[in-house]
Amino acid sequence: MSANPLDQFRISTIFKLPDIGEYNIDFTNASLFMVLSTFLISLSCYVGLRKESVIPNPLQSIIEIIYDFIVSTIESNVGKEGLQYVPLVFTIFTFILVCNLLGILPLGFTVTSHIAVTFAISMIVFISVTFIGFKHQGTHFLHILLPQGTPMWLAPMMVLIELFAYCARPVSLSIRLAANMIAGHTIIKVIAGFVINMNIFLTPLPIAFIIILIGFEIFVAILQAYIFTVLTCVYLSDAVNKH
């Protein structure tokens with residue numbers, strides 16, 4: 001076991017691929033777990049929904065619970081008009097959730113602990129919301145940069161402030177997710193290392209404490225996917241509903 005709790009976030013190359021110009025596109029452990037997450041989501045949806053029944057199987061029940069959650073979140077934040085974007089929000093939620101949970105498993109790797117991954121997901125949300133905003137509202141979408149009732153003399157400053165806040169959305173989304181995943185996994189690693197070094201691994205108290213921490217980390221993994229999804233729906237509301 002590595003003594004450094006941050007080594008679990010180290011990206012390592014599984015096999016090399018030809019570079020594209022100056023860009024390295026080697027297949028890494030991060031690539032593996034993103035592919036694995038996508039595969040598990042696709043397989044679960046296929047198997048769970050292949051034979052829908054009145055009395056759902058456990059996998060179908062989980063998928064339906066997630067789907068109902070996405071629908072209710074969109075309806076409460078965006079309205080009925082936002083239901084056309086259920087596939088987008090469902091994909092984002094399930095991908096983040098599965099990536100978070102895979103990182104908790106032994107020998108797992110938490111891809112959402114890397115800002116490059118979380119920023120890429122956040123940029124997908126940012127670009128999609130911006131496109132949807134202009135699709136629904138046209139140039140009226142730019143009114144988001146100027147709150148209603150703003151005095152004319154204050155308008156230029158408010159536009160700059162709101163533009164900065166709008167462009168900062170993907171940054172705040174990505175940092176929030178990555179920081180929380182790093183913090184949770186690091187704490188578990190530190191405490192587990194302390195328990196092993198003190199040779200008290202087989203005593204009940206530290207084992208129970210680690211189990212509680214892992215349970216808490218599962219809760220955090222679900223919570224962070226939930227927060228990311230809710231914020232995505234809030235941003236969708238700005239794009240779909242006129243101000």
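Each residue, glycine too, has its Cβ placed from N, Cα and C.
Annotated features, as they stand in Swiss-Prot:
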TRANSMEM  29-49  transmembrane segment
TRANSMEM  54-74  transmembrane segment
TRANSMEM  89-109  transmembrane segment
TRANSMEM  114-134  transmembrane segment
TRANSMEM  141-161  transmembrane segment
TRANSMEM  177-197  transmembrane segment
TRANSMEM  200-220  transmembrane segment
TRANSMEM  221-241  transmembrane segment
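For the transmembrane segment (54-74), the neighbouring stretch richest in Cβ pairs under 8 Å, chosen from 114-134, 141-161, 177-197, 221-241, is 221-241.
Using a Cβ-Cβ cut-off under 8 Å and counting only residues 6 or more beyond its ends in the same chain, the transmembrane segment (89-109) has close neighbours at 8, 29-30, 32-34, 36-38, 40-41, 66-67, 69-70, 73-74, 117, 121, 124-125, 177, 181, 185, 214, 217-218, 220-222, 224-226, 228-229, 232-233, 236.
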